[in-house]
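For 34-54, 59-79, 113-133, 138-158, 171-193, 194-214, the entry in Swiss-Prot reads transmembrane segment, with the evidence type sequence analysis.
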Amino acid sequence: MSKLFWAMLAFISRLPVPTRWSQGLDFEEYSRGIVTFPLIGMLLGAIGGLVFVALQSWCGIPLAALFCVLTLALLTGGFHLDGLADTCDGIFSARRRERMLEIMRDSRLGTHGGLALIFVLLAKVLVISELALRGTPMLAALAMACAAGRGVAVLLMYRHRYAREEGLGNVFIGKVTGRQTCVTLGLTAILAAILMPGMHGVAALVVTLAAIFILGQLLKRTLGGQTGDTLGAAIELGELIFLLALL
């Protein structure tokens, strides 16, 4: 399990992970690593939270929130944000399914993708600022938001099909078992109960689960399945929805 954790950390983040820590792990085994996603999200969110807490007293809440969001983007190399932009470019092109998938594969940023990035990043800065002004424990909130975003993404993997013939998302989509899904969601719920005392965190997680489940069904109907881009979009939107649900 430790090898899977380090392999997944290297896969979905830009944190330096020595190759020997995940050596001997076959790429086809990566689907089992979905259960580590909430823990990896918690780690990344905690780093972003530490940046916010460290800068808050020095430059104020809005700028601290801005640098926190920037840190989270840098930690993943914009991996999930790129998926969000590509998904919006394809979906909102209002073309045929095959053409949508072609647009999503295009490396160029379109208008809809650009607008999606602006909206999500700005919304995160504003919501983080508002939560801090309301006295929310930000280190825990940010750690849990990133854990929730990655944990609920399993809903776009279990019993879904891959919309393309090949790609990185094919490692997870349709390969995750019911047991792995339950463990992933259960671990995410446990983290919510621990990090956010009371029912506030769990309630926010339930809202996030419902929203991402609906998103997955809509994407399935539109694209005929999921892709790595839609997983990235689900993670980014999951983080934002969880933070909004905490308000």
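Glycine is no exception: its Cβ is also placed from the backbone N, Cα and C atoms.
Keep in mind it's a predicted model, so treat the numbers as computed, not measured.
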Inset, instruction - Quickly jot the same-chain residues contacting the transmembrane segment (113-133) by Cβ under 8 Å, restricted to those at least six beyond its ends, or write none. - result: 52, 56, 61-62, 64-66, 68-69, 73, 81, 84-89, 141-142, 236-237, 239-240, 243-244, 246-247
Inset, instruction - Take the transmembrane segment (34-54) and find every residue of the same chain, 6 or more past its ends, with a Cβ under 8 Å from one of its Cβ atoms. - result: 1, 4-5, 8-9, 12-13, 15, 64-65, 67-69, 71-72, 75-76, 128, 132, 138-151, 153-154, 157, 172, 176, 180-181, 183-184, 187-188, 191, 195
